């Protein structure tokens, strides 16, 4: 019976396969894509992904049903929360200018299986999101024509009464997705130009709404006679923040496009900052004018802006609002269709997804197979499926990606950069692997004496510490942490931090409602898990981190990513149990794909080092001058070479 059980070495090797990280090329600017996008192009892509139908629908819904005029405060808090996640994406997009967004960022820092699951969830997020926006676009256009399109379809095609299927086939939604797919397949420059046109019209309409709105504003609509500024109190503001947070999820299209940016180190951080700032400003100002034009409790959640102008006697303005809404939804469609094939391409290029999706068209320089296939899938979803029940599913995939990207920032910031060599400190274990790097007080081990031996400079300070090592100021108090490899303590602390955050948020969300904890245990658990979170944060902070002036870096690490992690987990736990059930089913399907295909075809699997025979090694000991003494060292795993001592002495001389 025991012989059928896996050995510990096999389990260790299997776990190492699951957590192996992606090896980046020396020249990360080399790509099969066309680097043609400027900072303005990326900024407009980000604005198009964020300022969609939510500006015309979400503001009225939150104002009337959740927060009242205090929806303004909700958007301010949501914008700040989104900024924490956006800064993490900005740092990764500048440091790793490769397509793939959250999938790629997780792969280079956390591990393979986690990256695949993130990519798998983002894939579904974009498919459902694009199909849902197409149906909203169709419904909005149909409402302008008094639902004649819907009535014609139900009369001549028929209506369905099947669970999970739409009441009637939405041919208009499928058609707009197919048209958008055709434009996207022409190349990044064509997609960017089309996005410029729709974004310009949308921003022009927003400017018109703001000017007319402030002209028609009536401050009495915020007075106590109308319910006041915050009729639902602080709880309403925070509930509105959770809803408004999802209005800013489109900025990751910028990170997904970094491999097509001309200068990603500068363009990606700037584009994310500009687009998020403009989108936040647009949401806040539109909320101000909307709640000042008419009393908040009389808003129509379905078409708040158009209805507000109509009630103030400007019915013609409703047509401009409708045009702006349709253009805004077009930019969201383009954003989804632009990002999705590139993330699939990144997964296929790494061998974790089917290889056919890694093909890039030689003329247009875009992953045309992925664009066509997933464009057709999105059109099919929009044609026949009822997507209202699945729209909430989008949130969990986005929040999970944000969480892993924030954790990846901490892990990567406290790792050594490629080519760095750890400098041993007092009490630390020496690195057993042979390495080459800058000269210093470490031992340098070579497999070839004649090719590798060289004179080195010894100006490097012995006290210089590498990323992941304990800071010198804390070594007298935390000396036991010096026995770990650089970055090892930080990785364990990040895991502890995430577990503490999950437990803390679970108590906050379910402690009084589902668990019915008594006050003393509720308070005790909050204190314990808060201490665990803060101690993990402190343990990370006492280690050295990378300091680079070449690319953008998020400030206040590890505090900023940690705040993003706890916020994202809190919002995830606020989702319904049906959303979590669907999420679990989708994860199981993803694991089947990974263990059935990805783990065997991964390019990192091919890069795993093969055992090599080494007859002798040479260890170079630093001396007091530029000369070095060389000693032949026999590996313990091999028998002696039988060389006489005189031969070794000759080598030394």
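The count begins at 1 with the first shown residue.
Glycine is treated like the rest: Cβ placed from N, Cα and C.
Under the heading compositional bias 'Basic and acidic residues', TrEMBL lists 432-444.
As annotated by TrEMBL, domain 'Cationic amino acid transporter C-terminal' applies to 552-602. Looking only at the domain 'Cationic amino acid transporter C-terminal' (552-602), the predicted model's pLDDT averages out at 91.
The region 'Disordered' feature in TrEMBL is assigned to 423-444 (among others).
According to TrEMBL, the feature region 'Disordered' maps to 630-653 (among others).
Tertiary proximity for the transmembrane segment (36-58) is limited to same-chain residues at least six positions away from its ends with a CB under 8 Å from its CB atoms, namely 133, 136-137, 140, 188-189, 192, 195-196, 198-199, 202-203, 206, 243-244, 246-254, 257, 260-263, 266-268, 270-272, 274-276, 278-279, 282-283, 286, 301-306, 321, 324-325, 328-329, 331-332, 334-336, 338-339. The feature transmembrane segment is assigned by TrEMBL to 36-58 (among others).
If you look up TrEMBL, you'll see 102-123 (among others) marked as transmembrane segment.
TrEMBL lists 171-190 (among others) with the feature transmembrane segment.
With a cut-off of 8 Å between Cβ atoms, the residues of this chain six or more beyond the transmembrane segment (197-217) that come close are 44, 47-48, 51, 55, 282, 285-286, 288-290, 292-293, 305, 309, 312, 314, 317, 320-321, 323-324, 327-328, 330-331, 334. The transmembrane segment feature in TrEMBL is assigned to 197-217 (among others).
The transmembrane segment annotation in TrEMBL covers 229-251 (among others).
Among the features that TrEMBL reports, transmembrane segment is placed at 272-294 (among others).
Long-range contacts of the transmembrane segment (314-338) within its own chain (CB-CB distance under 8 A, at least 6 residues past either end) are made by residues 45, 47-49, 51-53, 55-56, 126, 129-130, 133-134, 136-137, 140-141, 144, 176-177, 180-181, 183-184, 188, 191, 194-195, 198-199, 201-202, 204-206, 208-209, 212, 216, 250, 253, 256-257, 303, 305-307, 371, 374-375, 378. According to TrEMBL, the feature transmembrane segment maps to 314-338 (among others).
Taken from TrEMBL, the feature transmembrane segment covers 366-385 (among others). Outside the transmembrane segment (366-385) by six or more residues, the chain places 33-34, 126-128, 130-132, 134-135, 138, 164-166, 169-171, 173-175, 177-178, 180-181, 184-185, 187-188, 336-337, 340-342, 344-345, 348, 356-360 with a CB less than 8 A from a CB of the stretch.
According to TrEMBL, the transmembrane segment annotation covers 391-412 (among others). With a threshold of 8 Å between CB atoms, the same-chain residues lying at least 6 positions outside the transmembrane segment (391-412) that come near it are 84-85, 88-89, 91-92, 95, 101-102, 105-106, 108-110, 114, 118, 121-122, 124-125, 128-129, 132, 246, 249, 252, 487, 490-491, 494, 498, 540, 554, 557-558, 561-562, 564-565, 568-569, 571-572, 575-576, 579-580, 582-583.
What TrEMBL records for 489-510 (among others) is transmembrane segment.
Feature annotation from TrEMBL assigns transmembrane segment to 554-573 (among others).
The feature transmembrane segment is assigned by TrEMBL to 579-600 (among others).
When Cβ-Cβ distances below 8 Å are used as the criterion, the transmembrane segment (102-123) is approached by residues 17-22, 24, 89, 92, 96, 252, 255, 340, 343-344, 346-347, 350, 352-353, 396-398, 400-402, 404-405, 407-409, 411-412, 415, 583, 586-587, 590-591, 593-594, 598-599, 602, 604 of the same chain, each at least six residues removed from its ends. Counting residues per DSSP class in helix, strand and coil order gives 40 helix, 0 strand, 11 coil for the domain 'Cationic amino acid transporter C-terminal' (552-602). Under 8 Å from some Cβ of the transmembrane segment (272-294) lie the Cβ atoms of residues 39, 42-47, 50-51, 54-55, 59-60, 63, 68-69, 71-72, 75-76, 79, 82-83, 86-87, 89-90, 93, 206, 209-210, 213-214, 216-219, 221-222, 244, 247-248, 251, 254-255, 304-305, 308-309, 311-312, all in the same chain and six or more residues away from its ends.
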